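Visitor: Residues or ranges marked as ATP binding site in Swiss-Prot (evidence: a curator's inference): 8, 9, 10, 11, 12, 13, 14.
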């Protein structure tokens, strides 16, 4: 039997991650290319790099049955249209049509956090569970909600925008979405750095963070791991707000798995345990009892694996027609 591969693509602000993945969710080859931040040549770049990689591997193009791609922002999955991606200047952008035209391969488009959630459900910390919440903590905060094995899209593609749940109703920091006080302004890497700088400026206690040039969220968690008081205050504050948001979500959705992903989640147990403490306090007891909170297992591969999952499902639908 001929090999069957799917192309999983995760469009990020800095890089486009790509992988050829078989029908069992096993990565055969993976690589990345820089993102054109104007958004103008992204599909051309993807088409060229897929062709180039297939040539390098001496594989025929027909081995790739379908492409599954994740893009930032709300997506009309049926039409394959990205409603808006601010960083790339896209508005009502027909990504599916452009991608299929350039590659000659059928494609399906989904929100980037949603494909990460599907990847973790299929092959990662979701462990095959059908009711999963993934929150991605990176430069921003994204989210994917899976209910009964299906991504929650909502009426116009805005389902799962966990990063824009209001955490501070009055006096919160401004968010890229135009509101203030979103959890993204607190639990993202940029939010953590902002909070740390505010605490350092007002601190009477000594802290190693004062001497850190180009302060990062990683610096904050490393200092907290060494019991730096200011760093611990920052982590406690972040975990408290994130635990509250996740507790409210769990009370509404009753998931079996809550997965923390993205670069900030590399803080590991230090972050997870503190988030869980507030979560258990805030969630409806029966919902809290049912939910396991864990760190994402797939790292940067979650998106491409989730992309392959939706690609495989679309391909199977057409096989059964």
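Note that Cβ sites are derived from N, Cα and C of the backbone, with glycine treated the same way.
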Visitor: Other than its own, how many Cβ atoms are within 10 Å of the Cβ belonging to residue 11 (ATP binding site)?
Guide: 25
Visitor: Could you tell me which of these binding-site residues, 8, 12, 13, has the greatest number of Cβ atoms within 10 Å of its own Cβ?
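Guide: Answer by Cβ density within 10 Å: 8.
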Visitor: Taking the Cβ of residue 14 (ATP binding site) as the centre, count every other Cβ atom within 10 Å, in any protein chain shown.
Guide: 9
Visitor: May I ask which residues of the same chain, at least 6 positions away in sequence, place their Cβ under 8 angstroms from the Cβ of residue 9 (ATP binding site)?
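Guide: Non-local contacts for residue 9 (ATP binding site): 16, 17, 18, 46, 67, 68, 69, 70, 304, 307.
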